[in-house]
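Asks: Next up is a structure, given as structure tokens.
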């Protein structure tokens, strides 16, 4: 009998210790695609069930636009912008697209989002979609310069000098507060045309002299993906396409580090299914979208978007066809499979003229 009481007491003690320990279990978000081994702590302790449910509701509320960002507050909002947000909401619900449309709100994502506290704006950077000009707008709004024309080009991309903090630099509470209450936007363009722009800018022209693209990344891609190893030409678009469409490219991505942001999907950059953005602009309609974004953010009386050269934002099917000429249908289909989420979330037509 005495032994039974001891056994019963021991069981209660184990259960009690397990309950206490569970309160200190940490939950983490990992960087998407393993771009960084570092983990970001989102919740510091586990919570009782009722409190946990409230916490989950709070976290979902953090991601929802409020106030001026709700469509109900803008009965005169042009339908095209509401349709873009609705398209994203519907695509995010598609189970078949889940692996291509969802990502974690990790440090990698938070590093892409620039903050203007003075005017409560968050801008997610999507390289090769005219981001330099939007950075200039935010730099002026933050007060580092009085006009866009005064900003030296080298300062725009020097994030220690341009006065643009990243969302990742704030505390967990600060991040959640800004995600919940600030005006949030980013810009997209046709995914394949964006890849062409990235290839030209980083591997052909390289105007900002970033030697690592030609001297480190290009040789790595050529060694892995060039069919004719005796060919001595520099990297070709075909090599780039094979690399991007390879499901097993992850080890190369890890080697290349954050330099890959110029061709990472919009989903991985900005987490549009997890963060409820206020406006999604399109590069192809930037002449109308830029003034609209400034107006919705309440800053159109303070700054103007730089002049857009005529025709520069138009989709160029001929250019796309020329770049993909001679590339196998298999490689193009694999590339599309990777970027299908970007095509569908943002309403870009499937490029059947390349795939069939």
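From the backbone N, Cα and C atoms, a Cβ is placed for every residue, glycine too.
Below are the features I grabbed from Swiss-Prot:
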| type | residues | note |
| --- | --- | --- |
| BINDING | 127-133, 189-197 | 3'-phosphoadenylyl sulfate binding site |
| CARBOHYD | 99 | N-linked glycosylation site |
| CARBOHYD | 228 | N-linked glycosylation site |
| CARBOHYD | 316 | N-linked glycosylation site |
| TOPO_DOM | 1-6 | topological domain 'Cytoplasmic' |
| TOPO_DOM | 28-356 | topological domain 'Lumenal' |
| TRANSMEM | 7-27 | transmembrane segment |
Asks: Using C-alpha positions only, work out which of the glycosylation sites 99, 228, 316 is nearest to residue 194 (3'-phosphoadenylyl sulfate binding site).
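Replies: Closest by Cα: 316.
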Asks: Between residue 129 (3'-phosphoadenylyl sulfate binding site) and residue 316 (N-linked glycosylation site), find the distance joining the two CA atoms and give it rounded to the nearest Å.
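Replies: Residue 129 (3'-phosphoadenylyl sulfate binding site) and residue 316 (N-linked glycosylation site) have their Cα atoms 14 Å apart.
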Asks: Please report the Cα separation of residue 228 (N-linked glycosylation site) and residue 131 (3'-phosphoadenylyl sulfate binding site) in Å, rounded to an integer.
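Replies: Residue 228 (N-linked glycosylation site) and residue 131 (3'-phosphoadenylyl sulfate binding site) have their Cα atoms 36 Å apart.
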Asks: Does residue 192 (3'-phosphoadenylyl sulfate binding site) have same-chain partners at least 6 apart in sequence with Cβ under 8 Å from its own Cβ, and which are they?
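Replies: Set apart from residue 192 (3'-phosphoadenylyl sulfate binding site) by at least 6 residues yet with Cβ under 8 Å, we have 320, 324, 335, 339, 351, 354.
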Asks: On a simple 10 Å Cβ count over all chains shown, which one of the recorded positions 127, 131, 194, 228 is most densely packed?
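Replies: The residue with the densest Cβ neighbourhood is 194.
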Asks: For residue 196 (3'-phosphoadenylyl sulfate binding site), what is the tally of other C-beta atoms lying within 10 angstroms of its C-beta?
Replies: 19
Asks: Among 99, 133, 316, the recorded positions in question, whose Cβ has the most other Cβ atoms within 10 Å in this structure?
Replies: 133
Asks: Can you work out the mean pLDDT of the predicted model over the topological domain 'Lumenal' (28-356)?
Replies: 85
